[in-house]
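Residues annotated as transmembrane segment in TrEMBL: 6-32, 53-72, 92-110, 174-196, 208-229. Marked as domain 'TLC' by TrEMBL: 44-246.
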Amino acid sequence: MDTNTILLISTCFASFFTFQIIFHVVSYWFSAKISPGFNNLNFKKKIEWNSRVVSTCHSLVVGLVGLYICLFDEAGIADPLWGDTSLGKVNVAIASGYLVSDLLILIWYWKVIGDKYFVIHHCTALYAYHFVLNDGVLVYVGNFRLLAELSSPFVNQRWFFEALKYPKFSKANVINGILMTVVFFVVRIASIPPYYGYMYSVFGTEAYMRLGFLIQFSWISTCVVLDVMNVMWMIKISKGCIKVISLLRQEKARKSLQNGKLD
């Protein structure tokens with residue numbers, strides 16, 4: 001077993017145990033410190049809260065590192081299929097450790113936070129990342145896919161606001177909702193056409209053929225599964241955002257009418 005393999009395996013285990021500690025220990029202490037309302041939540045709410053704290057921590061780490069790699073990693077930019085980047089592999093290893101950790105939490109607390117779509121998402125991503133870590137291919141592509149995680153902090157923050165019973169029309173809630181919709185669209189939906197455009201451009205090339213059928217099939221199929229779910233979530237988020245904006249306008253119109261009568 002070479003040094004690089006040992007590093008990646010160690011990173012996966014370190015990531016797994018770190019996120020388990022954040023879920024079981026750190027989140028309880030930290031959340032109670034920054035939000036007094038956390039202590040008033042019931043057991044089920046606290047479990048999901050802690051799960052989303054872990055999700056936010058993971059998203060910020062792998063999303064920002066992935067963004068750096070996509071913008072500045074010369075080897076990956078020059079050859080997205082075969083470009084070798086140690087930082088890129090480490091980032092995928094961190095993401096893999098998180099996915100295993102989160103799957104364990106989902107299964108253990110299934111009656112509280114179980115979601116079949118998250119299980120499908122996690123298993124599909126883990127299957128794809130296996131090839132990145134084991135075969136050293138598509139490292140740049142894997143990190144490009146991790147940019148989708150940059151939307152998770154906003155999604156989680158919306159849930160935090162709801163758990164703390166923030167008014168739907170509060171400034172913080174509305175701003176976060178708009179940012180969530182915009183960022184989700186940019187990193188998960190707007191990236192789809194250029195991504196598949198690149199996939200089409202390398203189809204049949206020598207570099208693509210060297211991947212072998214299994215990796216070729218896995219690359220395409222896993223991305224299709226993940227993007228179908230991204231589109232489903234985008235539709236749901238958009239409907240929610242449109243509903244809030246519509247209600248906000250109605251509320252403003254009602255207040256204006258009342259003010260007019262008072263005048």
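The backbone N, Cα and C atoms fix where each Cβ goes, glycine too.
Nobody curates TrEMBL annotations by hand; they come from automatic prediction.
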Using a Cβ-Cβ cut-off of under 8 Å, list the residues of the same chain that are 6+ residues beyond the ends of the transmembrane segment (208-229) and lie near it.
81-82, 117, 120-121, 124-125, 127-128, 131, 135, 137-138, 141, 145, 148, 188, 192, 195-196, 199, 202
Criterion met for the transmembrane segment (6-32) and the transmembrane segment (174-196) (at least three Cβ pairs under 8 Å):
no
Go through the chain and flag residues at least 6 beyond the ends of the transmembrane segment (92-110) whose CB is under 8 A from any CB in it; none is fine as an answer.
8-9, 11-16, 18-20, 23, 47, 51, 54-55, 58, 61-62, 65, 118-119, 122-123, 125-126, 129, 132-133, 139, 142-143, 146, 149
For the transmembrane segment (53-72), find every same-chain residue at least 6 residues outside the stretch whose CB is under 8 Å from a CB in it, and list them.
19, 22-23, 27, 30-31, 85, 87-88, 91, 94-95, 98, 101-102, 105, 140, 143-144, 146-153, 156-157
